[in-house]
Amino acid sequence: MAGGVLPLRGLRALCRVLLFLSQFCILSGGEQSQALAQSIKDPGPTRTFTVVPRAAESTEIPPYVMKCPSNGLCSRLPADCIDCTTNFSCTYGKPVTFDCAVKPSVTCVDQDFKSQKNFIINMTCRFCWQLPETDYECTNSTSCMTVSCPRQRYPANCTVRDHVHCLGNRTFPKMLYCNWTGGYKWSTALALSITLGGFGADRFYLGQWREGLGKLFSFGGLGIWTLIDVLLIGVGYVGPADGSLYI
């Protein structure tokens with residue numbers, strides 16, 4: 001009986017050991033899998049790399065470069081292409097020389113076709129607003145009356161031409177006489193006044209419809225108004241209603 005109990009106890013002890021080992025393996029495997037899952041879920045701090053863009057290279061072309069001929073004579077460059085050291089102590093109307101340098105991005109040559117940056121220009125001592133009218137361009141006005149006594153003036157903004165050199169500001173205001181045309185011809189107005197003046201055709205042509213209606217319904221003022229208009233249009237006293245000049 002005792003011999004049968006001992007093997008039974010040994011078997012139970014062996015089963016307990018195997019059960020303990022199996023539970024230990026299960027627990028240890030679960031912890032490892034949980035740790036692995038946690039590591040996958042939370043990978044920890046990550047490194048971020050910031051890409052610093054390269055500084056954009058300036059490729060803009062200055063607007064004045066479009067006016068500057070490439071590899072031309074430096075002395076013939078437009079005024080917008082050069083910087084000159086000027087002074088206002090020169091004598092008006094006398095020749096004077098100034099030291100000049102080309103602006104950035106401008107290339108020019110001397111008389112020997114060698115690249116040049118600094119040079120001398122010759123000009124007449126006078127301010128830009130003292131130039132002849134052929135050396136600058138001014139804005140035109142179509143809102144003033146050209147046929148008036150005394151003649152009307154209007155404020156204009158004038159700009160010196162590119163190839164002309166002068167002292168002071170190259171853009172300046174100036175009062176100019178009204179001098180614009182609306183497309184009316186003096187010969188046409190005179191011909192209408194002679195042939196169809198009794199019906200007011202000359203006045204209608206010039207845009208003076210009120211006077212035209214008066215001549216039409218009065219048959220040219222019985223001829224008197226027609227003769228007067230022929231004289232007034234002939235000497236240029238009667239002009240277009242918009243205040244412009246004849247062509």
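All residue numbers here begin at 1 and follow the chain in the order shown.
Heads up, the Cβ atoms here are built off N, Cα and C, so glycines get one too.
Mean pLDDT across the domain 'TM2' (183-230) comes to 87 in this model. The domain 'TM2' annotation in Swiss-Prot covers 183-230 and is backed by sequence analysis.
Look at Swiss-Prot and you will find ASN87 (among others) tagged as N-linked glycosylation site, backed by sequence analysis. Using a 10 Å radius centred on the Cβ of ASN87 (N-linked glycosylation site) and all shown protein chains, the other Cβ atoms total 9.
Using a 10 Å Cβ-Cβ cutoff, ASN122 (N-linked glycosylation site) registers 10 neighbours. Residues or ranges marked as N-linked glycosylation site in Swiss-Prot: ASN122 (among others).
Marked as N-linked glycosylation site by Swiss-Prot on the basis of sequence analysis: ASN140 (among others). For ASN140 (N-linked glycosylation site), the Cβ neighbour count at a 10 Å cut-off comes to 12, with all displayed protein chains included.
Around ASN157 (N-linked glycosylation site), the same-chain residues at least 6 positions away in sequence with a Cβ under 8 Å from its Cβ are CYS138, THR139, THR171, PHE172, PRO173, LYS174. What Swiss-Prot records for ASN157 (among others) is N-linked glycosylation site.
Per Swiss-Prot, the feature N-linked glycosylation site maps to ASN169 (among others). For the recorded site, ASN169 (N-linked glycosylation site), the DSSP three-state label reads coil.
Swiss-Prot lists ASN179 (among others) with the feature N-linked glycosylation site. Close to ASN179 (N-linked glycosylation site) in the fold, though at least 6 residues off in sequence, lie THR146, LEU245, each with a CB less than 8 Å from its CB. The DSSP secondary structure for ASN179 (N-linked glycosylation site) is coil.
What Swiss-Prot records for 1-29 is signal peptide.
Per Swiss-Prot, topological domain 'Extracellular' is recorded for 30-179 (among others), and the stated evidence type is a curator's inference.
What Swiss-Prot lists as topological domain 'Cytoplasmic' is 201-215. Distant neighbours of the topological domain 'Cytoplasmic' (201-215): 184, 188-190, 192-193, 195, 221, 225-226, 229, 233, 238-242; these residues of the same chain sit at least 6 beyond its ends, with a Cβ under 8 Å from one of its Cβ atoms.
Among the features that Swiss-Prot reports, topological domain 'Extracellular' is placed at 237-247 (among others), with the record citing a curator's inference.
With a cut-off of 8 Å between Cβ atoms, the residues of this chain six or more beyond the transmembrane segment (180-200) that come close are 140-142, 146, 206, 211-216, 219-220, 223, 225-226, 229-230, 233-234, 236, 238-240, 242, 244-247. Positions annotated as transmembrane segment by Swiss-Prot: 180-200 (among others).
For the transmembrane segment (216-236), the list of distant contacts is 147, 186, 189-190, 193-194, 197-200, 202-203, 246: same-chain residues at least six beyond its ends, Cβ to Cβ under 8 Å. Feature annotation from Swiss-Prot assigns transmembrane segment to 216-236 (among others).
If one looks beyond the topological domain 'Extracellular' (237-247) by at least 6 residues along the same chain, the residues whose Cβ comes under 8 Å of a Cβ in the stretch are 142, 144-148, 178-186, 189, 206-208, 229. ASN87 (N-linked glycosylation site) and ASN140 (N-linked glycosylation site) are 32 Å apart (CA-CA, integer value). Close to ASN169 (N-linked glycosylation site) in the fold, though at least 6 residues off in sequence, lie CYS128, each with a CB less than 8 Å from its CB.
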